[in-house]
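Report on the structure given below.
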């Protein structure tokens, strides 16, 4: 190359242009990095500022504010360093006034007085606090009363207004400006004192009842091992109760402790908290939060205290059911789309049971079902008739044990054979029984054997009770035994009902053993409800009712039955069901730590040992790191909550915790229909679906896209889609627009589906449409030859036109299929599948391969011929034949 060529103007311009491009690229990268760093610093500053100022609250009228720090009940009342308000002084006076009762000389009278006081305060809890909270939840009544009475208006000089304002200022300090915070917060402050009065008085009067009853039974406190075991057990229950209360308060703080979400919402408390003791048991404040009461009863050795504890605990559960739970469902419950999805899945759950709820025990009994009548006769025979007429209790005990052994060995053996070799399914198919029917047949057999075992156990105890010939292993504490035994029986019933509600009849009857995973409705094990706290709740609580029977009637026979039930249940769950679930869902999902295990590790195992244990686990057992979906979810929430005022509609949606409810994105589907019950929407297979999208113009990207997905494959995340759309997607070039999904853009399988709006060519989800079901179009096969052409037109319109552009019913299908599709065999298989399901006449894809000249009219005539043969082979049992 010459010097002239090296120094040519063209080469110089090219080099200069290249350098400028590199410089521009570096500048763009620098600006991008600076923007990212600025955003990160801003987010950190906002987080630190929010932590310093306190949590952010929003009233139900849309006003936002910083929630000030408050103190718990015990610290407020009994910490001498804190200033006491007027209400707090009144509360302390009421508590110390209980000492006046001890001036009564007779201890029995003191006990009656304290019982009366406890009943008064306990009823005040239910009908005082409960009534006020219900009115506040439904009608915002307390806040309205405060507004109507102008209680927080500094211009109001009425006594009650001045008294309430002085009370609030005495709580928050003299410099507290009442109008600086919403009236909802001030009303909550006053309501807290009413709660403090009732709760503290309730507990103090109960302690006084315990003391007076313990004094009455002072002679029972002798130096004996049984006394010490009773006292130590009671102290253990009380200490556990104390830990539950402290842990619960540390987890949910004053906001939830004093029902703050009845008055306003905290931005960072938009979902229920499952941490600490809340991860260990459901509703710990109402369930295990009262075990200390039974500990007091043990220490006092008083049935009076036990009855009072049961009375208080029962009223607390009533409060939970009628006051707390409805508000929880209102604020934190599922969205409308989720409710519709649950309804659809529950209806789908009955598909394997002839679309009727199957018999569980004697629940769902149907007089028109022969298997139900048979179960009723067997239960009556084993539970009542045989015990009344049997002459030998020993023989009936042998019958009970034999029945349980047959049930245990038979059910377990069939489950093992089904798990490893699909024995039961193969038998059903060999006898021309569809796979869907196999689960129903199994359910009838399984439930019948279970009914036989429990009815025989009931009959055995009925026989001993009527004859009074049983030798009890323990005779004392009859009423305590009855209470504990009844509680265990009730617990087993409740646990079983909860399990069925969560996993459906499909899961209750081991549907995973009989129905292929691809046809089931969930690809993941549930971790909701009772399964949030225990991986296998039925392992203990599934047989605790039998333990309760033994406690009530402690005989050798009941002890033997109890051991049999526990061993059978343990073996079936741990050595059959668990291993099948591992093969089906994977070891990582099956062996996840339950809530109880997590709490146990957190509080009882040192952190060093925990790190050692987690370090020894295989990589596949370690939890995955947080995904970017959480960042997107937080981003959308921050956009919504950044305003100082929220619209009424957005506020309602926020209070109901609707997924994507506050998003500026929206998807609307045209072409859906309501089912007969008006409970869910559906479309027929192949019907075009028009999707209309709306997105904010400022943030819209031409790479935004919409995809169609099966819900059972995307339930793992509502904020990010990892599953491929398999071509069922389209770009959204404009901020607002529509697109018609048809043919290969649709799924051709029945199921529940949804559309997802994704951002900027990525898989971050901005909006999810309402769930809808795809169903097969029903096409009736004619009974007469002259209706075949009409039938062919129906096939063309409802099936063929949705896959191929065929001009008429006499055009060869192969001619069109080969020119319009890339995979002819797949098209033929899809056509045969849809036709078979829609007409309920099974045909094979080979029908299209036998001749290249076959037309839609030929297919219609073939279906007519098959149906005619099947109709001739069948007959109507309701029509009597001529003899």
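Every residue gets a Cβ built from N, Cα and C, even glycine.
Noted in Swiss-Prot for the protein shown:
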type	residues	note
TOPO_DOM	1-85	topological domain 'Lumenal'
TOPO_DOM	107-111	topological domain 'Cytoplasmic'
TOPO_DOM	133-193	topological domain 'Lumenal'
TOPO_DOM	215-223	topological domain 'Cytoplasmic'
TOPO_DOM	245-279	topological domain 'Lumenal'
TOPO_DOM	324-372	topological domain 'Lumenal'
TOPO_DOM	418-441	topological domain 'Lumenal'
TOPO_DOM	463-469	topological domain 'Cytoplasmic'
TOPO_DOM	491-539	topological domain 'Lumenal'
TOPO_DOM	561-883	topological domain 'Cytoplasmic'
TRANSMEM	86-106	transmembrane segment
TRANSMEM	112-132	transmembrane segment
TRANSMEM	194-214	transmembrane segment
TRANSMEM	224-244	transmembrane segment
TRANSMEM	280-300	transmembrane segment
TRANSMEM	303-323	transmembrane segment
TRANSMEM	373-393	transmembrane segment
TRANSMEM	397-417	transmembrane segment
TRANSMEM	442-462	transmembrane segment
TRANSMEM	470-490	transmembrane segment
TRANSMEM	540-560	transmembrane segment
The topological domain 'Cytoplasmic' (107-111): DSSP-derived helix, strand, coil residue counts: 5 helix, 0 strand, 0 coil
Chain residues in Cβ proximity to the topological domain 'Cytoplasmic' (107-111) (below 8 Å; excluding those fewer than six residues from its ends, i.e. six or more beyond): 101, 208-209, 212-213, 215-216, 304
Interface-richest range of 86-106, 112-132, 373-393, 397-417, 470-490 toward the transmembrane segment (303-323), CB pairs under 8 Å: 112-132
Dominant neighbour of the transmembrane segment (280-300) in 112-132, 194-214, 373-393, 397-417, 442-462, by Cβ pairs under 8 Å: 194-214
For the topological domain 'Lumenal' (133-193), residues assigned helix / strand / coil by DSSP: 43 helix, 0 strand, 18 coil
Local confidence of the prediction over the topological domain 'Lumenal' (1-85), expressed as mean pLDDT: 66
Positions on the same chain near the transmembrane segment (194-214), where near means CB under 8 A and six or more residues out: 73, 76-77, 87-88, 90-91, 94-95, 98, 101, 107, 110-111, 114-115, 117-118, 121-122, 124-125, 128-129, 132, 221, 258-259, 293, 296-297, 299-302, 304-305, 308, 312
Contact between the transmembrane segment (112-132) and the transmembrane segment (397-417) (3 or more Cβ pairs under 8 Å, separation 6+): no
